[in-house]
Amino acid sequence: MGVCSIVAGVFFSALLSDRFGRKWSMRVGAILIIISTFVSTFTPPAIGGFIAGRAITGFGHGLMMPAGPVYINELAPANLRGTIMSFWQLFFAVGSFVAYWINYGCSKNAESLGEWEWRVVMLLQCFFPMIIISGLFFCPETPRWYVQNDRFEEAYQVLLQTRDDPNLIAQEMEDIRQAIAFERKQTNSTWARYKLLWTDESVRKRMLLAAGINIGQQLSGNNSLATYSTIIYKKVFTSNSQIQLINALGGTLNILFTLNATWMTDFLGRRPLLLIGVAGMAVCMFAAAAVVTETPTLDNGSRSSSVGIATVFLMFLFALFFKPSWGATVWIWTSEVFSMNIRAQAVAMTTQCQSIASIILRKYPFSLSLPNN
């Protein structure tokens, strides 16, 4: 339900971003997540309220997800865009780190917390959206959006705040104005821009490539591993506390792995990094599957400690390859490959492909392994 509502939110994100600004798309999404968190936390045992809360969370996430990369690309100086976009993925890793350790701490104190064991985990989802809402008050709207809405003085002031060389500001301002003037001759409405994604051969090719790598991000197996890591580790370990600790350590290492993207994306280039990443991930996935499925089971249902260590090592090594490549670089490539006039719509559409692939891959392959399927 949550992922389905993300798809709906992603579609409306471009409409909201074009009409009211990139900041408003992120702000409204964050507000919806805060509201939905309270709904999901305090409506149970009524299952309908919980499901509704999760659906609203997904919709809010869908509003925010495409707006962030577009905002960064339109605001950041060209020489820093790749590095700053890497931090977009980094903070996904930070969020996972916080979530894993909170979950581990609550599980260790489950007896004293009672039903608040899960309510605390749910309620703390408000923390980061509150930071986003607060931070947006201190962030300017993008100069491009201001020019697009004929607010030239405000656009110029934003460039003064965000550029080091005042001598280049006038030239950049003129470049933006000329680009938007040209784009208006081609498409002057949001719906026309959506149409252009499929009627222009060059744009259509880029759309298919961007959709392909976004689907490929899900085909890599990273999200499936995140969803079912506990089930995978139960084939090797018997202690739930030990499994949750491993997940928390993985969340910690993911931050360090993602930091590699801040220099790798510009040093190696986008395409080589994707190729290196997919090769490394494939080796790790095949090796981990062989270790888990082809080693003998002990009397207590687990595997030997050496098998456990090998499995955890391969899962962490997989993350080392994934995070800077198909984790961060997919977002960078997707946000860079489209021209400014269609970027909001194109990023929204291609990230929808990512969300749809996530729905299918999280559910269907796992169901094949269940008894009687």
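The backbone N, Cα and C atoms fix where each Cβ goes, glycine too.
Listed in TrEMBL:
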- 1-373: domain 'Major facilitator superfamily (MFS) profile' (DOMAIN)
- 24-43: transmembrane segment (TRANSMEM)
- 49-72: transmembrane segment (TRANSMEM)
- 84-102: transmembrane segment (TRANSMEM)
- 122-139: transmembrane segment (TRANSMEM)
- 273-292: transmembrane segment (TRANSMEM)
Residues sitting near the transmembrane segment (122-139): Cβ under 8 Å, six or more positions beyond its termini, same chain?
23, 26-27, 29-31, 33-34, 37-38, 40-41, 57, 60, 64, 95, 98, 102
Where does the mean pLDDT land for the domain 'Major facilitator superfamily (MFS) profile' (1-373)?
83
